[in-house]
Amino acid sequence: MTFNDKLQAYIQLTRFDKPVGIELLLWPTLWGVLFAAMGQAQQQGEGVTAGLPSLSIFVVFALGAILMRAAGCAINDFADRKVDGHVSRTKGRPLADGRLSAKEAIAAFLVLVLLSASLLLFLPIQVFYWSFAAVILAFIYPFMKRYTHLPQVFLAAAFGWAIPMAYVAIQGAADIWCWLLFLAYMCWTVAYDTQYAMADRDDDVKIGVKSTAILFGRYDVIIISLLQILFLVIMGAVMWHYFVPTSLGITPVFGLALVAMMFAKQNSACASRNALACFQAFLANIWVGRYVFALIAIACVWTTFNG
């Protein structure tokens with residue numbers, strides 16, 4: 001195998017060729033960074049209603065999200081190396097087709113974790129302690145599909161752990177609004193990863209892999225809808241808390257109406273249970289992440305300069 005072939009295999013292992021997963025982790029991480037900065041500003045005293053994070057914090061958490069997502073993909077392929085070859089969508093992955101070995105996947109995981117850990121040098125020491133949970137969750141998630149029908153919950157916790165880390169980095173502690181944001185993110189992630197699992201459900205049943213799509217059965221779309229409603233309600237409450245003291249009031253909350261329409265379109269597609277339709281619904285969630293980030297970012301910038 002040539003150097004270019006090996007490099008391409010590593011790129012596929014870490015999914016740098018498929019940025020959808022990066023965005024699904026990146027945008028919510030930045031939601032946390034922005035809200036934590038708002039909270040810190042509001043804690044400073046009367047008359048201060050908004051604030052923005054420092055550029056360094058913003059960059060560190062963005063890079064951390066990208067690197068830890070890649071690490072998660074590497075350990076996921078290591079865990080699934082014996083089953084990916086039996087699933088039509090994953091049989092071309094580099095461990096499944098033999099282009100990379102299990103040792104090379106573990107090495108890639110460790111290198112990416114170490115690179116992520118190096119970013120902690122730019123953050124308060126408390127964040128270092130919180131990072132242990134992030135690594136543990138990222139490592140154990142891929143193995144959960146063998147033992148429980150709720151691997152999507154572990155994925156959501158692993159991906160969402162950057163939110164409390166952002167609050168600890170900026171505010172010094174994870175407050176109730178941090179955990180509500182984390183819960184909202186958990187609901188959204190379990191919903192979209194169930195859509196993803198619906199695309200593989202037939203193959204997963206054959207090879208004995210567990211998922212929420214299998215657990216929910218014919219109630220899958222209903223439960224996804226309920227999770228999405230919970231996301232909207234909790235996110236609306238978080239936005240209410242941060243923006244009501246500002247000149248925008250509850251205006252940003254109304255912006256979630258577009259997200260509700262996005263969710264409705266996704267569920268309409270998933271109702272057919274067609275694998276491609278479910279996968280396309282999953283992919284559509286990058287626009288949810290982008291839009292909610294834009295909504296929060298614009299509101300934070302506006303209120304920082306206009307009160």
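Each Cβ is built from the backbone N, Cα and C atoms, and glycine gets one as well.
Annotation source Swiss-Prot lists transmembrane segment at 19-39 (among others).
As annotated by Swiss-Prot, transmembrane segment applies to 48-68 (among others), with the evidence given as sequence analysis.
Taken from Swiss-Prot, the feature transmembrane segment applies to 105-125 (among others), supported by sequence analysis.
Swiss-Prot lists 127-147 (among others) with the feature transmembrane segment.
Sequence annotations record features per position, and here Swiss-Prot assigns transmembrane segment to 150-170 (among others) based on sequence analysis.
Positions annotated as transmembrane segment by Swiss-Prot, on the basis of sequence analysis: 172-192 (among others). Through the fold, the transmembrane segment (172-192) approaches residues 24, 28, 31-32, 35-36, 39, 124, 126, 152-153, 155-157, 159-160, 163-164, 212, 224, 227-228, 230-231, 234-235, 237-238, 241-242, 282, 285, 288 of its own chain, all at least 6 residues removed from its boundaries and within a Cβ separation under 8 Å.
The transmembrane segment annotation in Swiss-Prot covers 221-241 (among others). Below 8 angstroms of C-beta separation, residues 35, 177, 180-181, 183-185, 187-188, 190-191, 194-195, 212, 250, 252-253, 256, 259-260, 263, 266-267, 270-271, 292, 296, 299 of the same chain, each at least six residues beyond the ends of the transmembrane segment (221-241), sit close to that stretch.
Taken from Swiss-Prot, the feature transmembrane segment applies to 243-263 (among others), supported by sequence analysis. Counting same-chain residues at least six beyond the ends of the transmembrane segment (243-263), those with a Cβ under 8 angstroms from any Cβ of the stretch are 42, 49-50, 225, 228, 232, 235-236, 284, 287-288, 291-292, 295-296, 299, 302-303, 306-307.
Annotation comment: Swiss-Prot describes 282-302 (among others) as transmembrane segment.
Non-local neighbours of the transmembrane segment (282-302) in the same chain are 20, 23-24, 26-28, 30-31, 34-35, 37-38, 50-52, 188, 192-193, 195-196, 199, 235, 239, 243, 246-248, 251-252, 255-256, 258-259, 262-263, 265-266; each lies 6+ residues outside the stretch with a CB under 8 Å from one of its CB atoms. Residues 50-53, 57-58, 61-62, 64-66, 68-70, 73, 159-160, 162-167, 169-171, 175, 177-178, 181, 185, 188-189, 192, 238, 242, 283, 285-286, 289-290, 292-293, 296-297, 300, 303 of the same chain, all 6+ positions outside the transmembrane segment (19-39), place their C-beta atoms under 8 angstroms from a C-beta of that stretch.
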